[in-house]
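Enquirer: As annotated in TrEMBL:
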TRANSMEM  95-114  transmembrane segment
TRANSMEM  134-155  transmembrane segment
TRANSMEM  167-188  transmembrane segment
TRANSMEM  194-219  transmembrane segment
TRANSMEM  240-263  transmembrane segment
TRANSMEM  275-292  transmembrane segment
TRANSMEM  299-321  transmembrane segment
TRANSMEM  341-362  transmembrane segment
TRANSMEM  374-397  transmembrane segment
TRANSMEM  403-424  transmembrane segment
TRANSMEM  431-451  transmembrane segment
TRANSMEM  485-509  transmembrane segment
Amino acid sequence: MAATPSVSWNYLPKNYYQRSKIFSAGPCPIFSKPPHKENPRNTSLKAFRNAQISSPITAHGSQYKFLQPGTQRTRSNRIVSLKSAGSDSSITSNLLQTALGVVHLVVSLGIILATDKYLKQAFVAAAIKFPSALFGMFCIFTVLVILDVTIPAAAKGLENFFEPALLFIQRWLPLFYVPSLVVLPLAIQDIPAASGVKICFILVGGWLASLAVAGYTAIAVRKMVKTEMVPAEPMAKPSAFSTLEVAAWSVISVASFAAALKYPELLGTNARTCLPFLLGSTVLGYMVGTGLPSGLKKVFHPIICCALAADLAAFAFGYFSKSGLYPILGYYLTKVSSNPGAGDILMGFLGSVILSFAFSMFKQRKLVKRHAAEIFTSISIATLFSLYSTALLGRLVGLEPTLTISILPRCITVALALSIVSLFEGANSSLTAAAVVVTGLIGANFVQAVLDKLKFDDPIARGIATASSAHGLGTAALSAKEPEALPFCAIAYGLTGIFGSLVCSVPVVRQSLLAIVNC
């Protein structure tokens, strides 16, 4: 006799016994034939079939586990667990990459700042008046060129290593010019109003003349050499400011402002205590300024917004602390290394800007070589014209010799302009920095319209004319709308300052400039 299949009766359908009662209770409503008594074995088989259709069977043996009701839930839970583990791994990986990126930035930027500081100390100890950062720039550029000839991979690796630092400098570059504009009220408080008007006339007229000379020279040389343009090396752009950055600097500014009001010497001195909120307000003003609509930025440059934010913070603190505006501005830029202010921190990066020129020039070395005639001829003529025309204009309008000397390097970037005026006795370095920034602002606001008016259509002429007359601020304004001119702006921006520093380092040139100013 065949064995009865092993079935767990607990898994038979609940209505099985009810169906059994229905079929055994009386005659079938469809068939007239009375029901007969079924074999128990047949009943068991029918029950087995019905149970098999109605619900899953818990069979004996591990090979049937896939039939269990909880299988789908187990598989879903496993998938969710795997996704969760993958998400955690991705977050950990992103955090690790961010941490490594921060370390890379700190190390690369720290090396550049340390190099600049060491060179300054060495040049001061040796009583060398030549700009130390400029010497460092030449050294870095030479090393890169030698490595590129001998071990190209090493040159590329060195360039890639310092890329985060270079992007950091490029991102915050306008901020390094701001301190001189913030403390402008201190710089001009002893200057007569008539002299101030003369200075403004020289800055505006001199900028326009320098731009025209550089542009026309570049066009004339271009017509002679007839060198065709080739695509320039792409230049990386720094990231935009995030909402989180704005919020963080806002918290720093407000909290440190309140702490400085309550505890004026919390960090040892007034300048150190005021440093966090003055620095925070400067950075915050720059972030807000860069986010303004493009139409508004034409007349209200981010640098102006930045300087106004710092001045308003200084005014508010002076009002609530009853100390006045001028003492707080004095805390902003102390020019004392042992007791620095917010402005001293920002201007401490100016040397690193000069060192970064080496990497910019190396990156565009093929472009410099190809258009060397246009670039070097235009820059040398424009720089000499700027220096001597400023001296001559100052003499013609009757500006005081010390003020004229202070604004001589008006078309040269701040870092090198300060080095140039240090070669002359009696110059006002604060006025020098302010004159350079004002010249840059004039160029940033009007350079594109003037270039169009003068019909400078060539990107080389537009880039060289802009950078040699309005340095970094003009470069940033033009390159934002005309990226094809950016490489030439970057080259001319650095080379104008380099050539101006080299020329003014020659005693004969300095004496000739002084002769024009004082005659």
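Every residue, even glycine, has its Cβ placed from backbone N, Cα and C.
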Enquirer: Is the transmembrane segment (194-219) close to the transmembrane segment (134-155), in the sense of at least 3 CB pairs under 8 angstroms with a sequence gap of 6 or more?
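Expert: Counting Cβ pairs under 8 Å (6 or more apart in sequence), the transmembrane segment (134-155) does not reach the transmembrane segment (194-219), since there are fewer than 3.
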Enquirer: With pairs fewer than 6 apart in sequence excluded, do the transmembrane segment (341-362) and the transmembrane segment (275-292) have three or more C-beta pairs that lie under 8 Å?
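Expert: Yes, since the transmembrane segment (275-292) and the transmembrane segment (341-362) share at least 3 Cβ pairs closer than 8 Å, they count as touching.
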Enquirer: Let me spell it out: take the transmembrane segment (194-219), skip the flanking residues so only those 6+ beyond its ends count, and list any with a Cβ under 8 Å from a Cβ in it.
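Expert: Result: 188, 374, 377-379, 381-382, 385-386, 389-390, 393-394, 397-400, 403, 407, 410-411, 435, 438-439, 442-443, 447, 450-451, 454, 456, 458, 460-462, 464-466, 468-470, 492.
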Enquirer: Can you name the far-off residues of the same chain, 6+ from the ends of the transmembrane segment (299-321), with a Cβ under 8 Å from a Cβ of it?
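Expert: Those are 174-175, 177-178, 181-182, 184-185, 253, 257, 260-261, 264, 274, 277-278, 281-282, 284-286, 288-290, 292, 327-329, 332, 342, 437, 440-441, 444-445, 473, 477, in sequence order.
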Enquirer: Verify whether three or more Cβ pairs under 8 angstroms connect the transmembrane segment (341-362) with the transmembrane segment (403-424), leaving out any pair fewer than 6 apart in sequence.
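Expert: Per Cβ check, the transmembrane segment (403-424) touches the transmembrane segment (341-362).
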Enquirer: At a threshold of under 8 Å on Cβ distances, which of 95-114, 374-397, 431-451 pairs most often with the transmembrane segment (485-509)?
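Expert: Looking only at 95-114, 374-397, 431-451, the most contacts with the transmembrane segment (485-509) come from 374-397.
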Enquirer: Would you kindly list the residues that approach the transmembrane segment (95-114) from elsewhere in its chain, counting only those six or more residues past its ends and only Cβ-Cβ distances under 8 Å?
Expert: 161-165, 168-169, 348-349, 351-352, 355-356
